[in-house]
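Q: Below you will find the structure I want to go over with you.
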Amino acid sequence: MQAQTLHIRHLGMQDYESTWHAMQEYTDTRDSDSQDELWIVEHPPVFTQGQAGKSEHILNPGDIPVIQVDRGGQVTYHGPGQLVVYPLIDIKRNKLGVRQLVNNIEQSIIDMLAYYAINAYAKADAPGVYVTEQKIASLGLRIRKGCSFHGLALNVDMDLAPFQRINPCGYAGLEMVQCKALGGPQTVLEAGDKLIQTFSQIMGYQQLVHHQGLAE
């Protein structure tokens, strides 16, 4: 039976590694009755290298740390002014395949940007969301025990320069773009509020419960 309630945790600015380990712990200890959660967060500057990542795609990290992680995909950058959203979803209970969850996440971003008259789209061969061949959102998931963790990163109002130190998602010369430059949401808070709406609608959640911080 599909969960009707989505619990949303507003985490603010949190370091990447502790958030990642908290996601792992939640996923490893959840059972068939555990609630689905959506974590809303920003991270200090960090490069994360997914399981498909190749070291040659990290060109010049400089003073920004590089963390090897257990999500799908290749290297990406997180930093202040970027909305990061982690869906901790029991896909088995929600009767979703992995591909459908990815499609739903991408569509929730596309729908949110459409609210601002931004024409965004997904690519079948390169997960994420794009505007005129520039990437505005990255996506990388891990499924364990039939449940998802990791998630999406939407560029809102950030310094995009660190993306030039890597081949984003393994694509040399891939240009990044952000919401603020396109007349989209101007703050991470605004983008998060809108994305919560579109994601919950697409996923069919009837009730949203908001929390500040992680569970005690």
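The backbone N, Cα and C atoms fix where each Cβ goes, and this holds for glycine too.
Features from Swiss-Prot:
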- Cys169: active site, acyl-thioester intermediate (ACT_SITE)
- Arg71, Gly72, Gly73, Gln74, Val75, Thr76, Tyr77, His78, Ser138, Leu139, Gly140, Gly151, Leu152, Ala153: substrate binding site (BINDING)
- 32-207: domain 'BPL/LPL catalytic' (DOMAIN)
- Lys135: site 'Lowers pKa of active site Cys' (SITE)
Q: If I take the alpha carbons of Lys135 (site 'Lowers pKa of active site Cys') and Leu152 (substrate binding site), what is the distance between them in whole Å?
A: 12
Q: Enter the number of other CB atoms within 10 angstroms of the CB of Arg71 (substrate binding site).
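A: Taking every protein chain into account, the count is 22.
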Q: Through the lens of DSSP with three states only, how would you label Cys169 (active site, acyl-thioester intermediate)?
A: helix
Q: Sorry to bug you, but what's the C-alpha spacing from Cys169 (active site, acyl-thioester intermediate) to Leu152 (substrate binding site), rounded to the closest Å?
A: 13
Q: Between Gly73 (substrate binding site) and the residue listed as 'active site, acyl-thioester intermediate', find the distance joining the two CA atoms and give it rounded to the nearest Å.
A: 7
Q: Going by DSSP, is Arg71 (substrate binding site) part of a helix, a strand, or coil?
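A: DSSP call for Arg71 (substrate binding site): coil, neither helix nor strand.
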Q: Per the record, substrate is bound by Arg71, Gly72, Gly73, Gln74, Val75, Thr76, Tyr77, His78, Ser138, Leu139, Gly140, Gly151, Leu152, Ala153: how many Å separate the farthest pair of Cα atoms?
A: 16
Q: Per DSSP, to which secondary structure element type does Ser138 (substrate binding site) belong, with helix, strand and coil as the options?
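A: DSSP assigns Ser138 (substrate binding site) to strand.
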Q: Can you tell me the CA-to-CA distance separating Tyr77 (substrate binding site) and the residue listed as 'active site, acyl-thioester intermediate', as a whole number of Å?
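A: That separation, Cα to Cα, works out to 9 Å.
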